[in-house]
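Down below is the structure, laid out as structure tokens.
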Amino acid sequence: MGCAGFTCSKNSLCALNILYVMVSLLMIGIAAWGKCFGLVSSFQVVGGIIGVGVFLFFVALAGLIGAMKHHQVLLFFYMIILFLVFVVQFSVSSACLAINEDQQNHLLEVGWNNSLTTQRDVEKSLNCCGFSHMDVNGSCAAPCFQYSTCTTCAAKIQEHAGEVLRFVGGIGLFFSFTEILGVWLTYRYRNQKDPRANPSAFL
């Protein structure tokens, strides 16, 4: 029974970390693809996504190695980091799901005003100019600008922002529960004795 429980915990932890490795590589790949094809020109956005992907990759790799080798120290630090990630991700996901329309509009406008590259990306992809008003004497990356048929971007962004926030919040909440499952599995696995090891050894 002990052997079966040990193997089950080990396999579950390995499978969970393989999932995290795949998700991290997917995040890095999508960010790099978006940058290469000019879908996102903001270096901060691409760099942020790649940074999160690399961080998740190394955390998952540490968990995978710790699970394979039943390494006490590695599993301890993995458990602590995963718990901290859970707290942050659960808080952010809950905020995404709880945000009201006024707060959403305020955040969108702040984000719009803080990055010119993001403005150009949005104007080009949504074919609109300006956030709440269009400056006819200014510049705009949207194709409609040369024909003076553009609408403002605020309305178009707000159409999708609510759905995006709910989607991101839901996905984040789902992954936060897999993280707390990972913490529990790591704690359980770390305190189990390897039936193949020397019974007198400290585990």
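Backbone N, Cα and C define each Cβ position, glycine as well.
Those TrEMBL annotations? Automatic predictions, nothing curated.
Summarising the annotation, TrEMBL assigns transmembrane segment to 12-33 (among others).
Proximity of distant same-chain residues to the transmembrane segment (45-66), defined by a Cβ-Cβ separation under 8 Å and at least 6 residues beyond the stretch ends, is recorded for 13-14, 16-18, 20-21, 23-28, 30-32, 34-35, 74-75, 77-78, 81-82, 85, 118, 182, 186. The transmembrane segment annotation in TrEMBL covers 45-66 (among others).
Sequence-distant contacts of the transmembrane segment (73-92), counting only residues of its own chain at least 6 positions beyond either end whose CB sits under 8 Å from a CB of the stretch, comprise 59, 62-63, 65-67, 172-173, 175-176, 179-180, 182-183, 186-187, 189-190. Annotation source TrEMBL lists transmembrane segment at 73-92 (among others).
Residues or ranges marked as transmembrane segment by TrEMBL: 167-187 (among others). Listed as Cβ neighbours of the transmembrane segment (167-187) (distance under 8 Å, sequence separation of 6 or more from its ends, same chain) are residues 9, 12-13, 16-17, 19, 23, 63, 66-67, 75, 78-79, 82-83, 85-86, 89-90, 92-97.
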